[in-house]
């Protein structure tokens with residue numbers, strides 16, 4: 001049995017195949033996922049697993065150098081926005097790097113997901129609970 005933190009074989013595989021600057025999306029239950037992008041559906045029911053639970057597990061194994069959010073999260077979901085920023089701040093301290101955070105419109109965000117290696121769908125049912133994580137290097 002795998003000893004690492006990610007037991008889901010699809011997520012583990014995607015993370016292990018990421019190269020520098022490749023992207024991985026963690027999203028809420030409502031984000032449309034392009035047919036051209038691999039979908040890893042973790043949603044069991046509303047809120048399970050939560051967006052932050054999925055982000056937490058993914059970032060335990062993924063080296064992150066940047067994150068892209070929809071600008072709308074600031075106004076429409078400020079509590080989750082703050083929670084995510086705090087998590088990313090703690091992650092950069094743990095990794096010993098600076099994680100660049102940028103924002104784009106939700107419409108542009110949806111277009112960017114088409115270039116990601118995969119989209120991991122959580123059971124989150126709150127607005128704009130989506131992030132594009134950009135892979136860094138560990139050296």
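From the backbone N, Cα and C atoms, a Cβ is placed for every residue, glycine too.
According to Swiss-Prot, the active site, proton donor annotation covers 20, on the basis of sequence analysis. Shown in sequence order, 135, 136, 137 are the residues of the chain, 6+ apart in sequence, with a C-beta less than 8 angstroms from the C-beta of residue 20 (active site, proton donor).
Per Swiss-Prot, the feature substrate binding site maps to 28, 106, 128, 129, 130; the stated evidence is sequence analysis. Classification of residue 106 (substrate binding site) by DSSP places it within a helix. Summarising the environment of residue 106 (substrate binding site), the number of other Cβ atoms within 10 Å of its Cβ, over all protein chains shown, is 16.
The substrate site is set by 28, 106, 128, 129, 130; from the centre of their CB atoms, other residues of the chain with a CB within 8 Å are 27, 30, 31, 70, 72, 73, 77, 109, 126, 127. Taking Cβ-Cβ distances under 8 Å and a sequence gap of 6 or more within the same chain, the neighbours of residue 128 (substrate binding site) are 28, 69, 70, 72, 73, 76, 77, 80, 106. In this view, residue 28 (substrate binding site) is surrounded by 21 other Cβ atoms within 10 Å of its Cβ, with every protein chain counted. In the three-state DSSP scheme, residue 20 (active site, proton donor) falls into the coil class.
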